[in-house]
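Peer 1: Quick one: the structure is below, and I'll ask about it shortly.
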Amino acid sequence: MADSPYLVVGLGNPGPKYAANRHNVGFMVADLLAERISDRLGSAASWTRNARARAEVFEGRLSMGGPRVILVKPLTYMNLAGQSAGPLAVFFKVPNAQVIAVHDELDLPYGVLRLKSGGGEGGHNGLKSLTKALGGRDYLRLRFGIGRPPGRMDPAAFVLQDFSTAERTELPLFTELAADAVEQLITDGLTTAQNAHHKR
């Protein structure tokens, strides 16, 4: 469906308690994309709350006359994110091939980005929920590396911690690169975006 919008689902947990957590990089990238789109089109970034889908939604275009993009921040908490994204994909008539999940990835070093289509969920409950809601794994993903927890620390506790002081110094750069990757994925396709962003 060439005329369908792209649905970019930032995975994370709602509320100030979780805002700076490693698990919330999806929300951070979605917020940055909304700011970029607003700046280009000369308007303030405006998220609207969709009560039926239990999500914050931002609609826009990457550029004047460019691809239409629907940004989504589920308000269901991570483990039920598909309950927000699934109905929105149906409402906006978005095929799975134009759904992009942006999520944290324990199995990549901090700041490393990887793009892919399909594949397993790797124990990520947000992806599991999204796969169930979309009826398949054939959607796009941007994996944002957060690294492994130190020592024997529980990964579930690690992802719900805020980024360290040292990590926070690099976080603005890494979220900018992640937003670049999403934009190139939409405009140039998966292979070109992978070639550009898999060098690090």
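Heads up, the Cβ atoms here are built off N, Cα and C, so glycines get one too.
Any TrEMBL annotation is an automated prediction that lacks curation.
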Peer 1: In TrEMBL, the residues Tyr18, Tyr77, Asn79 are said to bind tRNA. Which of Asn50, Asn125 is said to bind at that same site?
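Peer 2: The record-listed residue among the candidates is Asn125.
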Peer 1: With H, G and I counted as helix, E and B as strand and the rest as coil, say where DSSP puts Asp104 (site 'Stabilizes the basic form of H active site to accept a proton').
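Peer 2: Reduced to three states, the DSSP call for Asp104 (site 'Stabilizes the basic form of H active site to accept a proton') is strand.
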Peer 1: Max Cα distance spanning Tyr18, Tyr77, Asn79, Asn125 (tRNA binders), Å?
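Peer 2: So the maximum pairwise Cα distance among the tRNA binders is 16 Å.
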Peer 1: Which ones, of the recorded positions Asn13, His23, Asp104, have a Cα no more than 10 Å from the Cα of Tyr77 (tRNA binding site)?
Peer 2: Asn13
Peer 1: Near the Cβ of Asn79 (tRNA binding site), how many other Cβ atoms are there if near means within 10 Å?
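Peer 2: Taking every protein chain into account, the count is 13.
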Peer 1: Enter the number of other CB atoms within 10 angstroms of the CB of Tyr77 (tRNA binding site).
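Peer 2: So the Cβ neighbour count for Tyr77 (tRNA binding site) comes to 18.
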Peer 1: Rounded to the nearest angstrom, how far is the Cα of Asn125 (tRNA binding site) from the Cα of Asn13 (site 'Discriminates between blocked and unblocked aminoacyl-tRNA')?
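Peer 2: Their Cα atoms are separated by 12 Å.
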